[in-house]
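Student: The domain 'Aspartate/glutamate/uridylate kinase' annotation in TrEMBL covers 8-293. According to TrEMBL, the feature substrate binding site maps to 91, 96, 197. What TrEMBL records for 92, 218, 272, 276 is ATP binding site.
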């Protein structure tokens, strides 16, 4: 099923960028506000100036009365004009703890602990999803929550078996911004597992064919080793070949077979940076540029705005992954 108009961008909000990953179920409020503002600026056609018309009309401490927000829309003469974006977010400090403690990602739904963990994981990730949708709505972005489990997505041996994108397409065609997330789903072989947000992006990219994909992370991009280690080098450009294999183009290493070392947190059940690079390479092979960049920075705004498609500025910090025939 295809959309009526071309999709501009699929954005992944990394869990480590929008939550405090070492603090249980704590959102990084400052980053989320900045990311939401940048998304609004990137989505809007033409100027991003003017007042923001909030779409979160539920009660929040210290916020003006809801009727005032409704009145703002009554005075609005024209409909909102947005580029077509899809947002997917990771779980960060939400969901991973519940999933790893109960073993949901390994399957075994007949075990009481796993079944309880499945429920607990979904409660956690959907609560984060709601807060992200609300943050986007406060920026005037017409965002709607979509959980893969509720949309009927399922896996077989952890690989996507069923993923009907029609609901996403209908939402886009109706002028909404779908907001999906990594989720606990049913698995035909294992009973259940965790479907990573990065895998969801890869699947949606293949069906929706966006102009580009942006991964917003808590670091400036992909490094040749964990960025916390001394002398870690930011890989500015990675080329993906026809066979799916990839190599570093910029910077140039003396050893052309330089390996990229990745590390995964003990509680991360979705593969961390290694999964991200693998899925990014799969997307790039489709002819879709992928940008991995630090969230809530001037560099992330540049990527979200699509300015990297023409030329990559010398002072831009991030990683570009693209297909090279």
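Numbers here mean position along the shown chain, with the first residue as 1.
A Cβ is built for glycine as well, from the same backbone N, Cα and C atoms used for every other residue.
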Student: Return the single residue from the binding-site residues list (91, 197, 218) that has the minimum number of other CB atoms within 10 Å.
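Tutor: Each of the binding-site residues 91, 197, 218 was scored by Cβ atoms within 10 Å; lowest is 218.
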Student: Counting every protein chain present, what is the number of Cβ atoms, excluding its own, within 10 Å of the Cβ of residue 96 (substrate binding site)?
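Tutor: Around the Cβ of residue 96 (substrate binding site), 27 other Cβ atoms lie within 10 Å.
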Student: Which residues in the same chain, at least 6 apart in sequence, have a Cβ under 8 Å from the Cβ of residue 92 (ATP binding site)?
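Tutor: Sequence-distant Cβ neighbours: 14, 15, 16, 17, 18, 19, 20, 21, 128.
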Student: How long is the line from the C-alpha of residue 197 (substrate binding site) to the C-alpha of residue 218 (ATP binding site), rounded to the nearest angstrom?
Tutor: 16
Student: Can you give me the Cα-Cα distance between residue 96 (substrate binding site) and residue 218 (ATP binding site) in Å, rounded to a whole number?
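Tutor: Pair distance, Cα basis, whole Å: 17 Å.
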Student: In whole Å, note down how far the CA of residue 91 (substrate binding site) lies from the CA of residue 218 (ATP binding site).
Tutor: 13
